[in-house]
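Participant: Pasting in a structure now, in structure tokens, and then I'll have a few things to ask.
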Amino acid sequence: MTNISEPAWFPIALRLDGVRVLVVGGGMIAANKVRLLLAHRARVEVIAGRLDPEMQRWEDDGRITRIAPTADETTLRAAMPGCRLVYAATDDRDVNREAAGIARGMNIPVCAVDDPQPSTFITPAQIHRGLVRIAISTGGAAPVLARRLREQVESTIPEGTGALAVFMQQQREHVGTACPDISRRRQVWETFLDGTGAQAARNGDTTRARAVLDDIIATTATRGEVWLVGAGPGDPDLLTLRALHLMQNADCVLYDQLLSPALLDRVRRDAELVFVGKQRNRHTMPQEEINAELIRRAQAGQRVLRLKGGDPFVFGRGGEEIEALLESAIPFQVVPGITAANGCAAYAGIPLTHRDCAQACLFVTGHARADGTLHLPWDSMARPGQTVVIYMGVSALPALCAKLIEHGLPPQWPAAIVERGTRADQRVLTGTLGNLPTQAAQAGVASPALIIVGEVVRHRVLSPA
Ligand code: SAH
């Protein structure tokens with residue numbers, strides 16, 4: 001879902017054991033690649049005049065073969081057929097480019113080291129834990145950044161991950177026989193990974209790991225559940241760790257238009273994404289239909305993630321959804337999210353309370369009824385000493401401001417509107433009850449936007465650049 005303007009590099013994992021790979025170059029740059037290739041049991045052939053001492057040792061030990069001393073065109077053309085990969089790794093960019101050109105002509109994937117332009121593949125930075133490989137690539141744009149990211153990821157992957165992968169490989173057949181159903185199988189493995197069995201496998205205690213696994217197989221029934229999760233107002237960095245964890249484990253995700261694509265990007269790739277919001281030729285799916293869909297899927301054994309903008313219990317109809325789930329005896333969890341008021345206030349630099357001017361904060365909905373009327377507690381809203389945050393109020397903004405003035409707040413009373421708060425394209429307008437509606441109309445402010453009314457708007461503070 002990320003907007004890719006550059007053609008992206010497609011990551012795959014390649015089998016190299018026993019296959020020929022040609023390396024052009026014999027210096028340190030070449031040695032770095034050959035070390036990787038040997039670790040993957042490739043048959044490395046080298047074209048180089050002089051070999052770096054490490055390369056020389058490999059040649060002496062018969063681990064690599066030097067097939068020619070000079071990388072001229074005839075030699076390159078003769079050497080490449082039958083190779084699975086070519087590395088052009090001399091310290092001469094022209095030689096590398098020539099070799100790359102010949103390889104491209106033969107349709108053999110080629111990497112000119114540190115030179116993405118003539119290359120048809122690049123070598124990502126890698127993390128190894130036994131069978132587990134994590135590759136990080138910036139598409140050749142910033143190798144130093146890739147290495148830095150590798151360090152960050154490296155420190156979060158436990159040492160025993162390789163042992164864990166081997167254990168899981170050994171038990172695949174056993175689990176497959178015990179649980180023929182694929183979603184049940186995945187559930188078993190996920191429960192296993194969350195529990196003490198995974199730790200035992202990481203430590204090499206396979207007997208204990210197997211006992212825990214069998215216990216899980218015996219006890220996990222195919223029972224679906226629903227997770228009602230708040231995704232925050234838009235910036236994916238505002239997801240809770242729990243939300244992220246569940247997004248990585250759900251079988252399907254029901255979402256609506258408040259969810260930014262950046263958030264949906266964090267959902268497990270093979271989870272089914274189900275849009276239940278407003279469609280072009282159709283109104284929003286009625287709440288009863290959404291409830292029924294949640295129940296139907298959970299009863300079919302799925303782990304259903306109902307992902308909501310902000311917090312599910314703040315103008316999110318989360319309460320209605322869990323009542324329906326309870327009636328059908330579907331197990332559920334509710335995970336709070338950062339509500340729009342918190343997110344927009346923080347990112348706009350407007351405090352919601354302030355010792356000097358706001359001892360309370362009121363959240364209200366500015367959504368008009370079907371007949372266009374607004375029924376709000378105007379008297380308690382039109383008071384000094386507090387902040388009023390209005391959700392869903394863009395279209396009713398003029399009416400809202402007029403009503404607040406009519407109920408006693410001065411037209412100069414501060415007010416702000418935050419459009420697409422916390423997102424990259426957030427806009428903030430500040431003004432007064434008297435002039436905010438005109439400002440917002442002129443700027444073309446559209447939903448989702450949040451209105452903040454009160455003297456706190458005057459305390460807006462922005463970080464120095
Ligand atoms: N459950 C959500 C609110 C859903 S109601 C929450 O806790 O935030 C939808 C309204 O929330 C929108 O009309 C808008 O007023 C507000 N909203 C949600 N996300 C927003 C955002 N990123 N910026 C501004 N307002 C937002």
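Yeah, the Cβs are placed from backbone N, Cα and C, and that goes for glycine too.
Below are the features listed in TrEMBL for this protein:
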- 134-155: domain 'Siroheme synthase central' (DOMAIN)
- 161-215: domain 'Sirohaem synthase dimerisation' (DOMAIN)
- 226-436: domain 'Tetrapyrrole methylase' (DOMAIN)
- Asp256: active site, proton acceptor (ACT_SITE)
- Lys278: active site, proton donor (ACT_SITE)
Participant: Residues sitting near the domain 'Siroheme synthase central' (134-155): Cβ under 8 Å, six or more positions beyond its termini, same chain?
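Facilitator: Residues packing against the domain 'Siroheme synthase central' (134-155) from afar: 6, 8-9, 11, 13, 114, 116, 119, 122, 124-127.
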Participant: Under a three-state reduction of DSSP output, how is Asp256 (active site, proton acceptor) classified: helix, strand, or coil?
Facilitator: coil
Participant: What is the number of other Cβ atoms found within 10 Å of the Cβ of the residue listed as 'active site, proton acceptor'?
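Facilitator: Excluding its own Cβ, the number within 10 Å is 17.
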